[in-house]
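For reference, the structure discussed in these notes is given below.
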Amino acid sequence: MRGVIPNYHHSYTLLFFVILVLFPHVFSTNTLSPNEALTISSNKTLVSPGDVFELGFFKTTTRNSPDGTDRWYLGIWYKTTSGHRTYVWVANRDNALHNSMGTLKISHASLVLLDHSNTPVWSTNFTGVAHLPVTAELLANGNFVLRDSKTTALDRFMWQSFDYPVDTLLPEMKLGRNRNGSGNEKILTSWKSPTDPSSGDYSFILETEGFLHEFYLLNNEFKVYRTGPWNGVRFNGIPKMQNWSYIDNSFIDNNKEVAYSFQVNNNHNIHTRFRMSSTGYLQVITWTKTVPQRNMFWSFPEDTCDLYKVCGPYAYCDMHTSPTCNCIKGFVPKNAGRWDLRDMSGGCVRSSKLSCGEGDGFLRMSQMKLPETSEAVVDKRIGLKECREKCVRDCNCTGYANMDIMNGGSGCVMWTGELDDMRKYNAGGQDLYLKVAAASLVPS
C-alpha cells in the first residue's frame, strides 16, 4: 500500500503569503541599488531601520491641479498605521509628476526622478568622483543618502536629503550655511497649502552674517518674527527653550559653518520635528509610537509681542501691561497722537539728548528680549564691565549686554544704532543696559 505524500510545497507557499500579509515589514528594505527602481505603479517603498520613516510616491488632491490631473511627488513620511500621513521631505516639490507615471533610479552616480516620457524632473546632480556601484539608503533618522562603494564612514555621503530641507527640521538636521560659500543655504519653506507641497509664502531662515546669529520668520521678503540671538544656551527671544527638557539644542559657529540643530535625549519613544506651516507659524510637534496623535508642543509667533517691531524703536512690548507697548524710561512717543490711537509702530524718542560723556548713564532692563542685532558689534574677549567702559567711550553706542549667559556671562554685545524689536518677559529674558541721559536716571 502506497502512503500519502504531503504537499509541502503548497504549505510553504501558503505560509509565505500569510507572513507577508501579517508582517510586511520583515520583507521591507531601506536601500536602492543601481539595478533597482521605485515606480508609482509598483507602489514599492523604502522603510528606514526601526520602521519610523518611509520613502515613496504620494499624490495630492486634484483640485490643486489646474489641468485637473493628479500631482505625484517623491517624499518621506512617518510610517504609521493610523491617522493622517505626515510628510517630512519632498524631492520634487515644485515640479510634480503627472499621469500616475514616475520612476526613481540611480543613473551615472546620481539619483534621478523621471516622468512618463523619461524626462528628468529632479536629480541629485552629483558632479564629484564616485566609486561605483552607488547605493541610495533611507537611514533610521529619516535622512535619504547616496553613497559609493568605497565609503566606509557612516556619516560620509555623496548627497543627503538633510542638506535640502523642505518645511520640516528633524533631529540631526541643520539649518544654516557653510562659511566658505559651498553648498546651499539650509532653510525651511512652507508648503503652498496643507495639500500642496510646492514652495509657499513663509520661510524660517538663520541670519549668518556677523558675530550674532538669529532666526527670522519671513512672509515672502517681509520679516514677521525674530528669535533673538543665540546666547550660548538658547535663542534669547525664546525663553521657553529652557523648559524643553528632552531636547538638546546645538549651535555650531566655527570657520566652516554656522548652523542650528537639535536632538531628542533620554527618550527615543518621543518623535519631534520643527515645521514651518503654510499658515505662517513655526511649530514644534511631538508624537510617540504608542500614542500616534500629534501634539502641538509649541508654536510661534505666540502672541502680539512676538510680532516683528510691533512697538517701534526705543519701545518694548509687555503682554502684562495695557497698552502692551511701552516707551523705555527717558523716552517719549514719537507721535503722541498716533500713540493714543494705539498706533505705536513709530516707537519712541529721547526726552533728553545724550551728552556723549560722563554725564550719561545706563538703565538696566531685566528679563528682556535683546534688540535686533543688525546694528550690533561683538567683542568675545571682554566681559560686562569692559563692555560698559567701551560703550561710554563710544558716542554712537546706545546699549550693551552679555553675548553669552553661560557661567555668569561673557562677551560683549554693543549696539550703535536704534534699539528695536524688544519685549519684556516675566522670566527667562536677559539683562540689557541702555545708555540714557543723566536726567532720565533721576527717580520720578
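Every residue gets a Cβ built from N, Cα and C, even glycine.
These features come from Swiss-Prot:
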DISULFID  CYS387-CYS412  disulfide bond
DISULFID  CYS395-CYS397  disulfide bond
DOMAIN    31-159  domain 'Bulb-type lectin'
DOMAIN    356-437  domain 'PAN'
CARBOHYD  ASN43  N-linked glycosylation site
CARBOHYD  ASN125  N-linked glycosylation site
CARBOHYD  ASN180  N-linked glycosylation site
CARBOHYD  ASN243  N-linked glycosylation site
CARBOHYD  ASN396  N-linked glycosylation site
SIGNAL    1-28  signal peptide
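Here the disulfide-bonded residues are CYS395, CYS397, and the one with the most other Cβ atoms within 10 Å of its Cβ is CYS397. You'll find the Cα of CYS397 (disulfide bond) roughly 11 Å from the Cα of CYS387 (disulfide bond). Rounded to a whole number, the C-alpha distance linking ASN125 (N-linked glycosylation site) with CYS387 (disulfide bond) is 49 angstrom.
Straight-line distance linking the Cα atoms of CYS412 (disulfide bond) and ASN396 (N-linked glycosylation site), rounded to a whole number, equals 16 Å. Note on proximity: among ASN43, ASN243, ASN396, the glycosylation sites of the record, the Cα nearest ASN180 (N-linked glycosylation site) is that of ASN396.
Look at ASN396 (N-linked glycosylation site): DSSP puts it in coil. Cα of ASN396 (N-linked glycosylation site) to Cα of ASN243 (N-linked glycosylation site): a distance of 37 Å. In the shown protein chains, 11 other C-beta atoms lie within 10 A of the C-beta of ASN125 (N-linked glycosylation site). Checked against ASN43 (N-linked glycosylation site), the recorded positions ASN243, CYS387, CYS395 differ in C-alpha distance, with ASN243 being the nearest. The local packing around ASN243 (N-linked glycosylation site), expressed as other Cβ atoms within 10 Å of its Cβ over all shown chains, amounts to 10. Under DSSP, the residues of the domain 'Bulb-type lectin' (31-159) split into helix, strand and coil as follows: 3 helix, 53 strand, 73 coil. According to DSSP, CYS412 (disulfide bond) is assigned to a strand segment. Taking each Cβ in turn and tallying the other Cβ atoms within 10 Å, the top scorer among the glycosylation sites ASN43, ASN180, ASN396 is ASN396. Here CYS387 (disulfide bond) comes close to ASP379, TYR400, ALA401, ASN402, CYS412, VAL413, MET414: these same-chain residues lie at least six apart in sequence, with C-beta atoms under 8 angstroms from its C-beta. Mean model confidence for the domain 'PAN' (356-437) is a pLDDT of 94.
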